[in-house]
Amino acid sequence: MKLIAASLRRLSLAVLTVLLVVSSFAVFTPSAAAETYTVKLGSDKGLLVFEPAKLTIKPGDTVEFLNNKVPPHNVVFDATLNPAKSADLAKSLSHKQLLMSPGQSTSTTFPADAPAGDYSFYCEPHRGAGMVGKITVAS
């Protein structure tokens, strides 16, 4: 009888240990981390462009806009050219203040509930020269 009780105790401890290990993986598995991407304002060759001009991200990701060449630059998201057609969303993503010096940066974090689709943006001083870009938020 003692032998059976001891065997059951060992079996119970083994099962409990396995359950504890398995459940700790479920609790401590990190969720998908948001990423940060960099978009240069002005090319390395001094062209009035965003580099890259097109970028694909996920909701919750951050885009850093780095003033590179030929300042001043800013980043304005077009209210009519975003999936939500929302002026408030475009305003919250935009940075209208001009970055005057190379190396200055500003960043935008896309909300976790940002609708999937294309978000068009431009540099106000250089829009006429073709300084426009597009960020695609993937679902």
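Here, residue 1 is simply the first one shown, and the rest follow in order.
Glycine is no exception: its Cβ is also placed from the backbone N, Cα and C atoms.
For the Cu cation site that Swiss-Prot gives as Cys123, His126, Met131, the extra residue drawn from His73, His95 is His73. Apart from His73, Cys123, His126, Met131, the residues listed for Cu cation, the same chain places the Cβ atoms of Leu41, Gly42, Leu48, Phe50, Asn74, Tyr122, Glu124, Pro125, Arg127, Ala129 within 8 Å of the centroid of those Cβ atoms.
Counting other CB atoms no more than 10 Å from each candidate's CB, the binding-site residues His73, His126 peak at His73.
In this structure, the binding-site residues under consideration are Cys123, Met131, and the one with the smallest number of other Cβ atoms within 10 Å of its Cβ is Met131.
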